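Chemist: Right, I'll just put the structure down here and ask away after.
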Amino acid sequence: MAVTNLPTCDGLFIISLIVIVSSIFGTSSAQLNATFYSGTCPNASAIVRSTIQQALQSDTRIGASLIRLHFHDCFVNGCDASILLDDTGSIQSEKNAGPNVNSARGFNVVDNIKTALENACPGVVSCSDVLALASEASVSLAGGPSWTVLLGRRDSLTANLAGANSSIPSPIESLSNITFKFSAVGLNTNDLVALSGAHTFGRARCGVFNNRLFNFSGTGNPDPTLNSTLLSTLQQLCPQNGSASTITNLDLSTPDAFDNNYFANLQSNDGLLQSDQELFSTTGSSTIAIVTSFASNQTLFFQAFAQSMINMGNISPLTGSNGEIRLDCKKVNGS
């Protein structure tokens, strides 16, 4: 997975950026509402949920994959379904970006959802709203919280490959870099920890954590924050010069359930990804107290996660006459 660190900026620039971004979000997100499709496609949420239920019968990973698509979409020019666009003569697909290539998945299920929605309500529900609805349904179906999904997003007319390479947080980045990337889109530290809790289900490839197993940060030794028992298991699964595509569970204890075990894992140094473990192992970080509170109180985590998903879904949506309602999520209309 490619890692591109954002250039360092002085504090005044960062504060100004956050103020500007926050003011934009306040205007855009206010146009989203929970009843947007009540008169035009009242069964939209039920259609999304039933399609995912069907997909789960043959792919237990699909819920985690769908929420990851929403996350990677929102961090690049906002929640506009740009991640779903294929390459064309004029569009460089975000699917080819380092954080997405050979790892982003679930596009076929998005297409199935969109087909079902088009059959019921032609030209009404946007692909960006499909991702938002699919994320809520995926979490709920895995035993996690439900929340009111705000709707009314429209779809982008292009993609941003460079933005996908630079803006999406990487599992091998430092906590400070990831915190900056969250701040750049108007999300705070509580959002960072809560949304990281989505790693309570799903899988990860050896290629995104094998940097911790043998030669961490050029030391010639494994990551010292990695539990020795887990380290031994992972070294066997992902040997040096082995396949980077081998997958394992993000949460070893309850891999397909949405719960707060992810945070307990961090407390015992059983976080799979560097970016996860740093939430608890970075000395003096404010994230430690948040991890501790979520580990001891699942209800608190669920409440925070639901709110943070709403916050993330409010990142720079296209509304009104901006963008379009794609008829096929893979391509802009008329192409």
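Counting starts with 1 at the first residue shown.
Glycine is no exception: its Cβ is also placed from the backbone N, Cα and C atoms.
OK, Swiss-Prot features for this one:
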type: ACT_SITE; residues: His72; note: active site, proton acceptor
type: BINDING; residues: Pro169; note: substrate binding site
type: DISULFID; residues: Cys41-Cys121; note: disulfide bond
type: DISULFID; residues: Cys74-Cys79; note: disulfide bond
type: DISULFID; residues: Cys127-Cys329; note: disulfide bond
type: DISULFID; residues: Cys206-Cys238; note: disulfide bond
type: SITE; residues: Arg68; note: site 'Transition state stabilizer'
Chemist: To the nearest whole angstrom, state the Cα distance for the pair Pro169 (substrate binding site) and His72 (active site, proton acceptor).
Modeler: 9
Chemist: Enter the number of other CB atoms within 10 angstroms of the CB of Cys238 (disulfide bond).
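Modeler: There are 21 of them.
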Chemist: If we check Cα distances from Cys238 (disulfide bond), which of the recorded positions Arg68, His72, Cys79, Cys127 wins as closest?
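Modeler: Of all the candidates listed, Arg68 is nearest in space.
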Chemist: Taking the Cα atoms as reference points, how far is Cys127 (disulfide bond) from Cys79 (disulfide bond) in Å?
Modeler: 10
Chemist: Reduced to three states, what secondary structure does DSSP give His72 (active site, proton acceptor)?
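Modeler: Reduced to three states, the DSSP call for His72 (active site, proton acceptor) is helix.
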Chemist: Under 8 Å Cβ-Cβ from Cys206 (disulfide bond), six or more apart in the same chain: what's there?
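Modeler: The list for Cys206 (disulfide bond) reads Leu237, Cys238, Gly242, Ser243, Ala244, Ser245, Thr246, Ile247, Thr248, given in order along the sequence.
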Chemist: Measuring Cα to Cα, how many Å separate Cys79 (disulfide bond) from His72 (active site, proton acceptor)?
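Modeler: Cα to Cα, Cys79 (disulfide bond) and His72 (active site, proton acceptor) are separated by 9 Å.
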Chemist: Nearest of the disulfide-bonded residues to His72 (active site, proton acceptor) by CA-CA distance, picking from Cys41, Cys121, Cys329?
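Modeler: Comparing Cα positions, the closest of these disulfide-bonded residues turns out to be Cys329.
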Chemist: Rounded to an integer, what is the Cα-Cα distance in Å between Cys121 (disulfide bond) and Cys329 (disulfide bond)?
Modeler: 15
Chemist: Expressed to the nearest Å, what is the distance separating Cys329 (disulfide bond) and Arg68 (site 'Transition state stabilizer') at their Cα atoms?
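Modeler: Taking the Cα atoms only, Cys329 (disulfide bond) lies 16 Å from Arg68 (site 'Transition state stabilizer').
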Chemist: Taking just the CA atoms, what is the gap between Cys74 (disulfide bond) and Arg68 (site 'Transition state stabilizer') in Å?
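Modeler: Pair distance, Cα basis, whole Å: 10 Å.
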Chemist: Would you mind checking how many other C-beta atoms are within 10 angstroms of the C-beta on Cys329 (disulfide bond)?
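Modeler: Counting Cβ neighbours of Cys329 (disulfide bond) within 10 Å gives 22.
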Chemist: Work out how many Å separate Arg68 (site 'Transition state stabilizer') and Cys41 (disulfide bond) at their Cα atoms, rounded off.
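Modeler: That comes out at 25 Å between the alpha carbons.
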Chemist: Which residues of the same chain, at least 6 positions away in sequence, have a Cβ lying under 8 Å from the Cβ of Cys41 (disulfide bond)?
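Modeler: Looking at Cβ-Cβ distances below 8 Å from Cys41 (disulfide bond), excluding near sequence neighbours, one finds Leu117, Ala120, Cys121, Val124, Val125.
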